[in-house]
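> Attaching a single structure in structure tokens format; questions to follow.
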Amino acid sequence: MSLLETRDVRTDPLVRLENVSKTYGSGSNALLALDGVSLTVQKGEFVCLLGASGCGKSTLLSLVAGLDQISGGTLDIGGRKVSLMFQEAALFPWLSVRGNVELPLRLQGVSRPERRKRADELLDIVRLRGFGDKRPHELSGGMRQRVALARALAQNADILLMDEPFGALDAMTRDILHDELERIWREQRLTVLFVTHNVREAVRLGDRVILLSSRPGRVIEDYPITHERPRRIDSPEVSGQAGEITDRLRAEVARHAQ
Amino acid sequence: MPSKFPSARAGLEGVSGDSTAPVAEKVGVNPEAAEVAGLDALELQPKRDKGRLGKRVWRSTWPKVLAIAIVLLVWQITVWSEWKPIYVLPSPSTVFTDLGNVITTGDFWDGVRVTMTRAFTGFLLAVVIGTIIGALVSQFAPLRAAIGSLITGLQTMPSIMWFPLAILLFQLSESAILFVVVLGAAPSVANGLISGIDYVPRTWLRVGQVLGMRGVAKYRHLILPASLPSFISGLKQGWAFSWRSLMAGELLVIVPGALSIGVRMQQARDLSDSSLVICYIIVVLIIGILIDVLFNAADNALRRRWGLLSS
């Protein structure tokens, strides 16, 4: 880790996909989900994967997370650890909030006082100090997602994958969680690969927005987002660029009319 | 960064005063923290007052009291109508006087002890066997194909069918009763565990995968806790089957020297003492209800902890 940190950020890809394809099924029923996808994620980068339905963005995350096998091409994460957050917080109801955050540490064999200390630190980071003894069902959806984030951070992974993590939240909560995620990403120096179908969300959060086509998923555009942080989702710059990307996305969707 | 919601702090202060939720952190410091804490405070439902304990107990008690009163009334009216002679169908007052006399004898409690010892021994044995079988079946697909439906089939078998065989195998002994009690309860316990393991939500399994759970750790931290609610339903159902099997067993298999509740009931019938027979029916009913209450309490405690109950 320390070696990596001293290197130049831009020349240190944590995730490298080259010509990756993914096929489900075989023979005449085979479905090509991803076709020739190439992309890299640099250390410390926040990359958003954007696409309409059927672009295979969740498939791509599953591949990077190692939950699924690629059908062709090269996927290289250099044996690094990944953690993954879903749209549902998927906290375990038989554990307290703290117990959920401690679970990854427990699985790593961290001692009890050590993991308690670390869990409290993580709850502090997601601004949930004082909620450690609550049960997941006692929290709101936004709070549960923050617990899920704390649990993902507890894995101490090199790459954080997020699969539409705020998709089920109301707009106000989502706005505030964008600010929170941006802050935590900056403070904790995270590397994030974030999947969404919300264009503004992608522009609000990403250093880069990678636009995928649908059926099969291919990279059609890689937009660098250079607006100064912290950003606001309703700022003219974010809105303007989001509009541009939306036009491109709509054109792509219209292509599937026949 | 300018605060997007200048009133957020005021909102928080307004809410936190009457909210029971802990405040996430010191919010005086920065507006972003205040926004987050304010949203949390707004989204958490304030605890509702469920009313005084006495009132709640009364609310759940009066329907039961009324139901019992109606049963007793119908019984008394039947007696008054002289449908059967009074020595065949005694009145409630006779029965309850007899019941009062019976339960004050040490002899009766010896009978209860014999019966409950059998019930618990049989049930515990069934839990151990059922759990082992359930775990094996859920783990090995060929085993499931082989005996999966057999387990469900056994569950529907009336337990009284086993007694002739049990008596031939074990004669009139405790083992014969135990054999049938275990056969009655173990399939339910096994099925409870199997369906619990089968229906662990997919998202939890994915979380387990992402957290790198494998082998024993996966069972210890994910599969077993996740299947607990279904396992408890299995236990509850298993208890009901074992209790029924036991009562049938005590009437059929009279073990010399063991004056269980069933034996005493049989003796009362031999003496044509209907009142005493009804007394023992009431005793068996009450024991059944008490154990059911315990299982329900465990079930409810779990559901409340998991947030599956609204209150």
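Heads up, the Cβ atoms here are built off N, Cα and C, so glycines get one too.
Unlike curated entries, TrEMBL annotations are predicted automatically.
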> Looking at the candidate ranges B:31-49, B:221-239, report the one that TrEMBL labels transmembrane segment.
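Spelled out, TrEMBL records transmembrane segment over residues B:221-239, not the other listed ranges.
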> Given pairs 6 or more apart, does the transmembrane segment (B:119-138) have at least three Cβ pairs under 8 Å with the transmembrane segment (B:275-298)?
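In this chain the transmembrane segment (B:119-138) does not contact the transmembrane segment (B:275-298) - fewer than 3 Cβ pairs sit under 8 Å.
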> Find the member of B:150-170, B:176-200, B:245-263, B:275-298 that has more C-beta pairs under 8 Å to the transmembrane segment (B:221-239) than any other listed stretch.
B:176-200
> With Cβ-Cβ distances below 8 Å as the criterion, list the same-chain residues six or more beyond the ends of the transmembrane segment (B:150-170) that contact it, or say none.
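The answer is 133, 137, 176-177, 179-181, 183-184, 187-188, 190-191, 194, 241, 244-245, 248-249, 252-253.
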> Near the transmembrane segment (B:176-200), which residues from the same chain, at least 6 beyond its ends, have a CB less than 8 A from one of its CBs?
118-119, 121-123, 125-127, 129-131, 133-135, 137-138, 144, 148, 151-152, 154-155, 157, 159, 162-163, 166-167, 169-170, 222-223, 226-235, 237-239, 241-242, 244-246, 248-250, 253, 255
